[in-house]
Amino acid sequence: MRRPMVAGNWKMHGTRASVAELSLNLKNLVLPSGIEVAVFPPALFIGQVIDELSETEIIVGAQNSAVQPEQGALTGEVAPSQLAEVGCKLVLIGHSERRQIIGETNEVLIHKFAAAQAGGLKPVLCVGETLAEREAGKTLEVVGRQLGSIIDALGVAVFANAVIAYEPVWAIGTGLTASPQQAQDVHAAIRAQLASLDAEVAANMQLLYGGSVKAANAAELFGMPDIDGGLIGGASLNADEFGAICRAAGN
Ligand code: 13P
């Protein structure tokens, strides 16, 4: 049976001192058993956070990794194998901020996804539509294409070692949250797309919702049948709030 997961994407936030304080507060949380908890610090602080959380069960991931699995001549990038070697387990692939601001395309993300797995990381594939796409009735088409491009290139079996996060772009950092039913509808479509190719992969897939999740709305979202937890931005920078979201996933 798939386990719930709550993951905190710290984005480009933090200093050495603020990260140390957040780690300490996370270390002191009493987290529910039976769920996976992960944090994604900025690359610069990954080693620091792995050390600071070493006595906890909290998994540490990266927000990005290179298009090739191993170290080499690729200025400014970090190889999945390098991240894995310091103890990183997960990597976000295709967050909308990287799709929109950095210009990452589905084509590039295929390479990043494959490289992540080859280098020893589990990809967390992020998908989601913009407000204009939703208003044009294209949500399921857009999300289906983002997922489909990876499946077409690499095969559905790669999703036996991956997580998928549905993050509607219009709900990220805006305070607007998809309603539980809106999120459930997209999650059900994602699971159905996987199930049409591999029922076991679909049944085991951890499907996270992201977009203005906070303690006050988490329980309702996580209560939906195809929502297996959350990818949390702003609210993950506060350990108490993040802990409350984790408890909502544990119930
Ligand atoms: P917020 O929770 O700040 O809306 O961010 C969501 C997100 O982008 C997580 O990856």
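A Cβ is built for glycine as well, from the same backbone N, Cα and C atoms used for every other residue.
Record features, source TrEMBL:
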type     : residues                                           : note
BINDING  : Asn9, Trp10, Lys11, Gly173, Ser212, Gly233, Gly234 : substrate binding site
ACT_SITE : His95                                              : active site, electrophile
ACT_SITE : Glu167                                             : active site, proton acceptor
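When the recorded positions Lys11, His95 are scored by other C-beta atoms within 10 Å, His95 scores highest. Asn9 (substrate binding site) falls within a strand when secondary structure is assigned with DSSP. Here the C-alpha separation of Asn9 (substrate binding site) and His95 (active site, electrophile) works out to 10 Å. Among the binding-site residues listed (Trp10, Lys11, Ser212, Gly234), Ser212, Gly234 have a CB atom closer than 6 Å to some atom of ligand 1, in sequence order.
By neighbour count, meaning other C-beta atoms within 10 Å, the densest spot among the binding-site residues Gly173, Gly233, Gly234 is Gly233. Classification of Gly234 (substrate binding site) by DSSP places it within a helix. Shown in sequence order, Ile172, Ile232, Ala235, Ser236, Leu237 are the same-chain residues outside Asn9, Trp10, Lys11, Gly173, Ser212, Gly233, Gly234 whose Cβ sits within 8 Å of the Cβ centre of the substrate site. Binding of substrate is attributed in the record to Asn9, Trp10, Lys11, Gly173, Ser212, Gly233, Gly234, and the widest Cα separation among these residues amounts to 14 Å. With respect to their backbone Cα atoms, the residue listed as 'active site, proton acceptor' and Gly234 (substrate binding site) stand 14 Å from each other. The C-beta environment of Trp10 (substrate binding site), restricted to residues of the same chain at least 6 apart in sequence and closer than 8 Å, consists of Leu22, Val39, Phe40, Pro41, Pro42, Gln63, Ser236, Leu237. By neighbour count, meaning other C-beta atoms within 10 Å, the densest spot among the binding-site residues Asn9, Ser212 is Asn9.
For the residue listed as 'active site, electrophile' paired with Lys11 (substrate binding site), the C-alpha to C-alpha distance reads 10 Å.
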